[in-house]
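Notes to accompany the following structure.
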Amino acid sequence: MLLTIDVRNTSIELGLFAGSGTHARLERHWRIHTNPLLTADELAMQLRGLIGGPLEQVIGVAALSTVPPVLRELRTMLARYWSHVPHVVVEPGVRTGIPLLVDNPKEIGADRIVNALAAHQRFGGPAIVVDFGTATTVDLVSAKGEFLGGVIAPGVAISGEALIEKAGLRRVELARPRSVVGKNTVEAIQSGAVFGFAGLVDGLIDRIRDEFDAFAGDDVTVVATGISAPLIVPESETIDQHEPHLTLTGLLRVYERNQQRRRT
């Protein structure tokens, strides 16, 4: 099986894939809290506990991290505990197969690149990829599979934290309120989070369609992923598909591309 590791600021998503290519399937997956102080040894222990059984079942590892301290420990862990299997960490210089048509390709986060690859292989192009993570990103993928750039906005959770810290409002459960107009503070905050971010994304996608002719037609797929996607997607008028494990699938594809390159 292939182990995939997606480290973000808020959480770490892990998945085990069986098979390859079009026959690959996600057998098991987990999400754990991100600790920026996590050491390589601690991360290895967590993985062993989650995977269970013989570690020999893992024949390869593909990973990314948008958290620099964890990225360093991730590299150390792979070298220390998984050196016997092929592994790929998505960072500048790693072959992804996605041309980055932007001013500075090194600025583009590995998560955005991997999502673009997965979306293009799954749905073709053109596509718009929305990731509801710590940040909310809206990225464009051309019909040729090129990354054309995108939009970065605050994430749902981080916006809520800002309200708590700066406005003195209390922490509330993120859930769909009864109405867009809240009758109390809790529902008002929930409305801003759920309907506000649905409107944000819908507005951005409408503007993208207006500005770029290649994204104005019915052949464009708008796909969403990310930890807050289940909350926002049902309220969106523009999102076509929800792929909860898009990033893990993208890591699988990057791994396969790099393995093919080693064999040629």
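Any Cβ shown, glycine's included, is placed from N, Cα and C.
Annotated ATP binding in Swiss-Prot involves ASP6, VAL7, ARG8, ASN9, THR10, SER11, ILE12, GLU13 plus, out of the candidates THR76, THR96, THR134, THR136, the residue THR134.
Note on THR134 (ATP binding site): other Cβ atoms within 10 Å of its Cβ, all shown chains, come to 22.
Closest in space to ARG8 (ATP binding site), of the binding-site residues given as GLY109, ASP111, ARG112, ASP131, THR185, is ASP111, taking the CA atom of each residue. Cβ neighbour count for ARG112 (substrate binding site): 25 (other Cβ atoms within 10 Å of its Cβ, all protein chains included). ARG112 (substrate binding site) sits 13 Å from THR134 (ATP binding site), taking the CA atoms of both as reference points.
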